[in-house]
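Pulled from Swiss-Prot, these are the features on record:
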type	residues	note
BINDING	Tyr182, Cys456, His458, His500	Cu cation binding site
COILED	529-556	coiled coil
COMPBIAS	46-76	compositional bias 'Basic and acidic residues'
COMPBIAS	97-118	compositional bias 'Basic and acidic residues'
COMPBIAS	150-178	compositional bias 'Basic and acidic residues'
DOMAIN	187-341	domain 'Cupin type-1 1'
DOMAIN	386-556	domain 'Cupin type-1 2'
REGION	76-85	region 'IgE-binding'
REGION	101-110	region 'IgE-binding'
REGION	150-184	region 'Disordered'
REGION	175-193	region 'T-cell epitope'
REGION	206-225	region 'T-cell epitope'
REGION	246-265	region 'T-cell epitope'
REGION	382-401	region 'T-cell epitope'
REGION	414-433	region 'T-cell epitope'
REGION	438-457	region 'T-cell epitope'
REGION	463-470	region 'IgE-binding'
REGION	478-497	region 'T-cell epitope'
REGION	541-555	region 'IgE-binding'
Amino acid sequence: RGRDDDDEENPRDPREQYRQCQEYCRRQGQGQRQQQQCQIRCEERLEEDQRSQEERERRRGRDVDDQNPRDPEQRYEQCQQQCERQRRGQEQTLCRRRCEQRRQQEERERQRGRDRQDPQQQYHRCQRRCQIQEQSPERQRQCQQRCERQYKEQQGRERGPEASPRRESRGREEEQQRHNPYYFHSQSIRSRHESEEGEVKYLERFTERTELLRGIENYRVVILDANPNTSMLPHHKDAESVAVVTRGRATLTLVSQETRESFNLECGDVIRVPAGATVYVINQDSNERLEMVKLLQPVNNPGQFREYYAAGAKSPDQSYLRVFSNDILVAALNTPRDRLERFFDQQEQREGVIIRASQEKLRALSQHAMSAGQRPWGRRSSGGPISLKSESPSYSNQFGQFFEACPEEHRQLQEMDVLVNYAEIKRGAMMVPHYNSKATVVVYVVEGTGRYEMACPHVSSQSYEGQGRREQEEEESTGRFQKVTARLARGDIFVIPAGHPIAITASQNENLRLLGFDINGENNQRDFLAGQNNIINQLEREAKELSFNMPREEIEEIFESQMESYFVPTERQSRRGQGRDHPLASILDFAFF
């Protein structure tokens, strides 16, 4: 049986899950590298589960639960009182002893939590992660540089204002980011299927974060991360999906009643996976990890989907075949019962849905696969992969490139009405303020660091606490824009609602690469507010003067002074222009750009 929202509806104790995770790592008996990687995942899962637990309590409007008070001493006292009321004699003594043991365990875990918050500890853990997860020396170097920057920023915050002149402004920005309803930190993407060979991660339902995203509530994001020389077990989903390879190479096979299609996929390739099609993916590369990012559109329940595995692993109920009674299976498969039992028992010896495979088997699975450009057409065909790299860039200059695959040109994308785009912003450059006419864009940070600023009329000025307002309240606040901002790093996700002006910048030391899914992408128009091709320049003279209450010449001096289009450097190229006290500065004040 597939898993999706079970943990959200019936949350388990994060500490107990952490203990089980550590026990699982010890049982594996793998080498030191695998043990370290497993332990790091346990620690990350604990931190994420604790944050999720706090978020659930915050949404329910209760900071303190009377049945389970947060204060450890109150919990201990409550435990002792329950022992007095409900136990007698020897049972009461054992009950009190368990209360004491629980208090000691919580104290040890609090101490470990304090260690995890220590910047030095975080820095060493970050460095270990780089050594384990990144294969190439160049990626390891970039990862370690990010660790160093984060460590220095943390030190600057703790040293006080004298060591960080911009500390107060940075603090406000970090507070805003924590409450940003459109931003999802990489650590908030939960692992649903995890083993030593990889994991499948789901982003929470968009409406779990905020009702502002109810327009895309029937879409989900899933990320596959697989080690070299691995295969994912065959399965199908009750969801349409579009998948993009963001790292490594893959061979993906689709099986339906009439057809079987295999495709070799490179980084930047896009493929549609129809609902109900049995699919399996292999990573036959011996060195590089595989990462695939998928946008799903469930077909049964809005925002909810399941994965259905024919072959189970670890847990007997993971295979849908196991739920059928023996007499049904014996008759349907024409196979004796004892042979079926051996068949199912053999599957339970594996751990997880991503498994290691021999080079011989992997070569056999990929030898008849087609590549992008070889597109089969049939009633149940996926249409084959699309290579974003082979598309001509929609926007390009020395500061960045933007590629896109449109539903108008690719039949594979029409059913979900999704446009897929890939942007690379060079270090120290910006994709200028722009907005989408009808598409809401879900963006995944493939690589690099940067930040974005977005103008939004739906959030309040107080740490975005008004994000769930009713429609009437939203209408009353029309025209009152607030800046929504976040710092971006690899693995983060953010959403750009239709009509919202946004600017995205890359950091000074590395390029920023972004993958975008434009929902309602057919015939979407992208309008730019700066650069040579901005829409302000197309306004009539009288419209400009009436709008900005200034002479046309001064307005045009501002909007025509940028020599580049779409992507520009963040450093000023010209000495022309005015300071913030110039009257025309109000043009961009509405969006805080």
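Positions of Cβ are set from backbone N, Cα and C atoms, glycine also.
Remote same-chain residues near the region 'IgE-binding' (76-85) are listed as 69, 92, 95-96, 98-100, 102-103 (criterion: CB distance under 8 Å, separation of at least six residues from the stretch ends). Just so you know, the Cβ of Tyr182 (Cu cation binding site) picks up 27 other Cβ atoms within 10 Å once every protein chain is counted. Taken residue by residue with DSSP, His458 (Cu cation binding site) is part of neither helix nor strand, so it is coil.
Mapped onto DSSP classes, the region 'IgE-binding' (541-555) shows 12 helix, 0 strand, 3 coil. Sorting the region 'IgE-binding' (76-85) by DSSP state (H, G, I as helix; E, B as strand; all else coil) yields 10 helix, 0 strand, 0 coil.
Here the region 'T-cell epitope' (414-433) is broken down by DSSP into helix, strand and coil counts: 0 helix, 13 strand, 7 coil.
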